[in-house]
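A.B. asks: First the structure, then my questions, so here it is.
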Amino acid sequence: MKLQLCAVGRLRSGPERDLVEDYLGRFERTGRPLGLPAVQLLEVEDRKGGGMEAEADLLARAMAPGAVLAILDERGRTLSSPEFAEQLARWRDAGRDVALAIGGADGLAPRLRDRADLALSFGRMVWPHMLVRVMLAEQLYRAATILAGSPYHRV
């Protein structure tokens, strides 16, 4: 299983980057004994100004061939943290590669949204794509702690 976080734009040094690195490090330490691989953070940039379509091409090229595509989109499904953990465990148990895709400031191109196996939402509000990375990294860590039976996730 490969687990990729594919995102448009590069995080500069600062609090968002620090948080993403912290949560992905925690995920790796917690997830490894559970058979979950370290997350590969793949950042793409459209330097030619081609917009969402060009970003979709770059994201598609970054993803592992045949990977389950899970996108972050405000029109997607809202899962609880335990439901997300269960989904992650199903992908792991099936040996599936997973690409979690976050679009740029304008979102994801319709053709990428249409081919997604799962569209996830952090609610009906629109979030800055840099914060979505932080939130997704935290939810990955939270999912690993749920699967490990750790007290981090309290209800």
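A Cβ is built for glycine as well, from the same backbone N, Cα and C atoms used for every other residue.
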A.B. asks: Quick check: of GLY103, GLY104, which does Swiss-Prot put in the same S-adenosyl-L-methionine site as ILE71, PHE122, GLY123, ARG124, MET125, VAL126, TRP127?
C.D. replies: GLY103
A.B. asks: For TRP127 (S-adenosyl-L-methionine binding site), what is the tally of other C-beta atoms lying within 10 angstroms of its C-beta?
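C.D. replies: So the number of other Cβ atoms within 10 Å of TRP127 (S-adenosyl-L-methionine binding site) is 16.
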